Amino acid sequence: MSTVDSVRNRLDTLPDVGLVIGFIASIWAVMLVLAIAVGGANWANLAAGFIGSVTVLMGGYAILALALNLQWGYTGLFNIGIAGFMAVGAYTTAVLTAPTDPAAGAVPGLGLPLWVGLIGGMVMAAIIGGLAALPALRLKADYLAIVTVAFSEIIRLVVNWNGLAEVSLFGVPFGTGGATGISFKSANEVASTFINGVGQPIVAAAEGVGVSGPNLANLTYGILLLLVVAASYWVLARITNSPFGRVLKAIREDETVTQSLGKDTRRFKIKTFMIGCALMGLAGVLFRGQAGYVSPQQFRPTITFYVFAALIIGGSGSNTGSIIGAATFSGLLFYLPARLGENVSLGGTRAPGNIIDAVAGLGSLDPLPLLAYTISNISTLRFVLIGVVLIYIIQNQPDGLLGHRNEPATSVSLDRPQSGSGGETDE
Amino acid sequence: MGIAEFARDGRVVMGDRPGAAVVAAVSGFLLLDLVAKLAGTTVFFLGTRLLGGSLTVGSLLSMVVDGLLVGLAVGLAGIGLSMTYSILDFANFAHGDTVTAGAFLGWVAAYITAGLGTGAPISELFMLNSGRQLSTVSTFLPVLLGLVVAGIGSVAVVLLVDRLTYRPMRNTDNISLLIASIGVALALRYLIAFVFGTQTSGVASGGLRVTLFSMISITDNEITLLVVSVLLMLGVHLLLQRTKLGKAMRAMADNEDLARVTGIPTERVIRLTWILGGGLAGIGGYLLVLESGTISFNFGWILLLLIFAAVIVGGIGSIYGAMAGGILIGLVDSLALIWLPSGLTRASAFLVLIVVLLLRPSGIFGGVSTA
């Protein structure tokens, strides 16, 4: 039995909630150990900073992976335009909630409250997703992939275009801010309001052990994101366990059969696509717009591929797997190497400025320069690692960690009952 | 054909394929607008400018030349993508980074040979930041050597990648292969960034500028791109028409199992596909850098969608389609400036890609597999 199988068996014995909480807690523990190891006297503040950042990342990627899992894992819609739908949601919220009287040089918005902006962003992302899906769903999976990625680039180029930076409609000025981006009322303010209001005792307690205010606010925001993840998970579990969800699984198994059973599969696919896009739009504003600012640079197609990596690690087809994959990806592959690279030093050996100087050390049998160069460039190398992990998983464990749980489309199991190695069983 | 018949045909097209009719109407309008702009007249309708404006023939021609040059390199790179798409049946998202890898290997070779003896330290030369600008006229031999190294280097890269990644998964579905290629793209791109850094380096600039017909101004580097890519396309044409390889590739694209039963060594054909496609991609990247003058670790990745557009517009699997699609997309990318603000020209090329995929997924030439 391979190690992956044994990990998988152990994962299977735990209930899903325990599994997810245990996973997130162990990533927090890793961060805590790292902070204690490198932080010295300041370890508590460093730990709060690490854990806060990693929680925000885990939350953001978990929402995105859940949305993608609904589209790809349940219905087989290969959408690689995630970045574009995130941009639609984030920009809609930004335009709706940006103040009408901004600071000098900033773009005015409509000044609506945040909750209106969030709903507006999700609705707009769903509408744009539906418009994209309407013609595109006829296409083969790989063509759909290319159409969606091209579509997401078009969206990015349009919001980047300075012609839309500031426009006026019916006398109301608003805009996207072009390449400089747009500032708006961010969900982060909710976290800071909480901390500065009801949460004052917590702040006082935290400052007692040396945790700074911004780090605590960041951590609070991360936990708020995890609550959004839990809510999304609940909604998606409701959807996928409903008769609607059964049709989605049936479409994934065999679309022709589903059609011949009288289901209008196109409608189901478009609806699924729209729900997923709405969730992506929400993640766009909550995750990328955390600081109350969005710019086109944040919505390059690479983020789409990170979400794919997260989902594939977790196993497409499983909601629990999506969250665990997102935690593994963002905690262990994306965040941890970068922090390690920053904080590990090779006593005295300064990293050479380029690879030639680094390799030159090998000539005199001194591997330290190359090692130092590698460590200082680890934030680049982690992407190589992510690529290699992706290839390894797709070659050897295409189900990821939990993808084997892929629920069947039927409500009763159609597998043959397990019997011994054949022959009579009641001897 | 009588007028009545023509009109009926037109109505049939309008009714059966409204999308095609819209595309025809839009292109007709743009053409009319272009003519009006060239003539320098403006047509007003109900007080708003309907079409027209001003555009000189000279600036139109220089846009055409720009588009043609980019299009030729994109077409060259697209040949490989089209071939792997039809023969291995998957969209290779790592193709753009093959372009980058070939370009870097070629330019390092060119830069070091050109810099030998000038006293510049080897690490500066290797990192492409000694500040020297190469051109075909002033440093002919290094540029030529770089071209060859770019081709050979990218062949080595794709063969290694195929051996490690795609060969163990020959019989898996095309989405798994696509995802694996995304992994390859990430790994390759950031390995390049690890070795060469993430800065943009200026490595080439035209050494000589000639003016043709007293209207078009073109540099020696651009002429090199033109000549080399046309020669290579001609070479590919001859290779596929005069050798058995072309026939074998066609057979494999059609039905791999049948091809194997007929005695075609499929694995060898796949290897030759990678060699041909990878080499052309590397050379295409090298030539693009020669033309644009700058190189950075993600230029191929950014170019990838444009290459996809070229391949899909020309029809997946068709090598002549990839060449023509490349030129067409290059022209769209550059000529869109006549109608659109400069921030949106690239979006128009992607829009062409989407429209073609939706209305005519087999490509504008009707999907004749000419490989």
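Placed from the backbone N, Cα and C atoms, the Cβ positions cover glycine too.
According to TrEMBL, the protein has these features:
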- B:21-47: transmembrane segment (TRANSMEM)
- B:67-88: transmembrane segment (TRANSMEM)
- B:100-120: transmembrane segment (TRANSMEM)
- B:140-162: transmembrane segment (TRANSMEM)
- B:174-196: transmembrane segment (TRANSMEM)
- B:223-240: transmembrane segment (TRANSMEM)
- B:269-289: transmembrane segment (TRANSMEM)
- B:295-313: transmembrane segment (TRANSMEM)
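It is B:67-88 that, among the stretches B:67-88, B:100-120, B:140-162, B:174-196, B:223-240, forms the most Cβ pairs under 8 Å with the transmembrane segment (B:295-313). Contact counts against the transmembrane segment (B:223-240), taken as Cβ pairs under 8 Å, peak for B:67-88 among the stretches B:67-88, B:100-120, B:140-162, B:174-196, B:269-289. The recorded stretches the transmembrane segment (B:140-162) and the transmembrane segment (B:67-88) do not share 3+ CB pairs below 8 A when only pairs 6 or more apart in sequence are counted, and are therefore not in contact. Most Cβ pairs under 8 A with the transmembrane segment (B:269-289) among the ranges B:67-88, B:100-120, B:174-196 are made by B:67-88. Beyond the ends of the transmembrane segment (B:174-196), by six or more residues, the same chain brings 88-98, 100-101, 104, 127-128, 157, 161, 165-166, 297-298, 300-301 to within a C-beta distance below 8 angstroms of the stretch.
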